[in-house]
Amino acid sequence: MSATLLIEQLINGLQLGTMLFLMASGLTLVFGVMGLINLAHGSFYMVGAYVTALTTASTGSFLLGLAAGSLAAAAAGAVVELLVIRRLYHRSHLDQVLATFALILIFSEGTRWLFGSSPLWLSPPEWLAGSVALPGGARYPVYRLMIIAVGVLIAAGLYLLISRTRLGMRIRAGESDREMIGALGIDIRRLYTLVFALGAALAGLAGSLVGALQSVQVGMGEPVLILAFVVIVIGGIGSIKGALLGAILVGVVDTLGRIFLPALFGLFMSPSEAAGVGTALAAMLIYILMAVILAFKPQGLFAAHD
Amino acid sequence: MNKLTRAGLGLLMTTAVATVQAEEVRIGMITTLSGGGSHLGVDVRDGFMLAIDQAARDDIEVLIQDDARRPDLAKTLSNEFMQRDEVDIMTGIIWSNLAMAVVPSVVRQGTFYLSPNAGPSALAGRLCHENYFNVAYQNDNLHGAMGAYMREQGFERPLLMAPNYPAGTDALAGFKHLYEGEVDGGEVVDELYTQLGQTDYAAEIAQIRASEADSLFFFLPGGMGISFMKQWQNSGVEMPVFGAAFSFDEIIIQAVGQAAIGAMNTSEWAYDLDNAANRAFVEAFRAAHERTPTLYAAQGYDTARLILSALDEAHPDDQDAFREALRAADFASVRGDFRFGPNQHPIQDIYVREVVEGTDGKPTNRLVGLAIEDIQDVYAEQCRM
């Protein structure tokens, strides 16, 4: 196992982590501020990817597509908040799960009805295609480096937004005492819509970025959503810092586990058995990680409400 | 109305129903029309119905149901077809796990089942049945043919990749069976098993880059293959890519785009295969659906044409005669030569196709040549009929 391979895999883990962060930050904000479990977050991921694919195909500009994808996801988020989510804040978590699960079905079947079940075509633009040499000789796709850069920028932007702006102050206030900020004359309903749309926009951006790498199809959001939930549970529900750290932890552990566990079992097993056992264990690894972290820190690494 | 007339009327009605049923043939199709991988089911259905429509017979009724790729639903639907609708023939299932849930009980209860796609090893061997016919392939066929082709082409260090589930491990076993055959050729460098439904292959691509391999053979059906090929193109790894047609049907390569160009894949059928039946089929399918048929459509079409050819000889109620007529496979297959082996699975030629840029700039498959002639699955000898 060479050092270049290790470095390359670490970057892969980082890239998966930044993408998970885009998903998890919105999810954790919505849960932290409104106390809402939103299973339909993956649908905004899908909306972002579909709109990006369609806009890129019709205008030829990937950047325009990215912007359109994020905006469309934000708009979908705002509409869903106004029509459905608003009625769920005072209901139990079970009702929220039920209603947002229904939203998943509506979004998925609606998308299938509009665009069919064949995947849409979306690729990274020419200027981001190809790969660059890493220190050490291996080559790495430019597009994946770009995803890492976008993830870092968004993380920094969110940090500034929450710690330095008036909106951020209201979000923090909403997290710690919902009734009080309403009493102080802040339009809590508009704040909720805004936060929900922001979360949806981040999910849409993640979907757009990843759609170009993977495939744009119905149901693409749900596998990522599961990982994003693992991330926010590890990071501590409601904490952006926790989401960032949790996302990178999950990304790196998942990537390295997939590669090194089969190799590890290969030391004392036949190659095909080692591949089978190693792959199976690698699939469980992040859940084991989550269980271990929860055993020591039941609230997650950086819980917002202690 | 007295008792006697009532009984007489009842008797009259049952005989009337019986005569109608004796003439009419009911075919039940359970296939995947929604959810992931539904383009396979849609193409099987469209190919099948094209042949039925062309035959223009008014004594055939086809009932179609969507299994949404769920084994439990497929099982329920098959029970409905047998008990309520009393179908004579069933067909349509795409996925091997669904076929395993449905087929054994269907054929045991005396209904004919013709598989237009799924060909799990158990149904070709241990669980083979006189009422079960596979018109597509045994699952290993295409992978094995590619193994034979790559050895013949002189690739000495292939790396294999598949998802970690039964069809994935079977695919690699099928490949190795014919790659590591009698001639001392190359050796498989490594086998990578991915998670089923995985969408990010950065870690695997890094491993392939770091390996000593001279070629890559992979089996990643559906969306997994699309994701992989797109990421592979941008990774900067230069290595010839091989697979089975499942990852390179016309619909998938459209979604993959330029990244698919140059990939070689094995298929028992190609739309540019030169025979009269195939030319007519491709033309009719394109006219009806405004798209190029996939191998699944060809399999659906062949399945329907086989049924039609057997119906010309006998009604399914005359089980022995109908079975004999199916075994004879007396129809013009779009694949050219077609015949059944002793386990009622095809013995057929497998071709190699290359993904090239079509005249409209979009990727499409082009026939390259023969991968292997008259391939028969290895499970036939386990079949006691």
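Any Cβ shown, glycine's included, is placed from N, Cα and C.
If you check TrEMBL, you get these features:
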- A:20-41: transmembrane segment (TRANSMEM)
- A:61-85: transmembrane segment (TRANSMEM)
- A:97-122: transmembrane segment (TRANSMEM)
- A:142-162: transmembrane segment (TRANSMEM)
- A:191-213: transmembrane segment (TRANSMEM)
- A:219-237: transmembrane segment (TRANSMEM)
- A:244-268: transmembrane segment (TRANSMEM)
- A:274-296: transmembrane segment (TRANSMEM)
* Please check if the transmembrane segment (A:244-268) comes into contact with the transmembrane segment (A:20-41), where contact means 3 or more CB pairs closer than 8 Å and the residues in each pair are separated by 6 or more positions. => yes
* the transmembrane segment (A:61-85) vs the transmembrane segment (A:142-162): three or more C-beta pairs under 8 Å (separation of 6 or more)? -> no
* Asked: Does the transmembrane segment (A:142-162) make contact with the transmembrane segment (A:20-41) through 3 or more Cβ pairs under 8 Å, each pair 6 or more apart in sequence?
  -> yes
* Does the transmembrane segment (A:191-213) come near the transmembrane segment (A:274-296), with 3+ Cβ pairs under 8 Å (pairs 6 or more apart)? -> no
* Maximum Cβ pairs under 8 Å to the transmembrane segment (A:274-296) - stretch from the list A:20-41, A:97-122, A:219-237 -> A:219-237
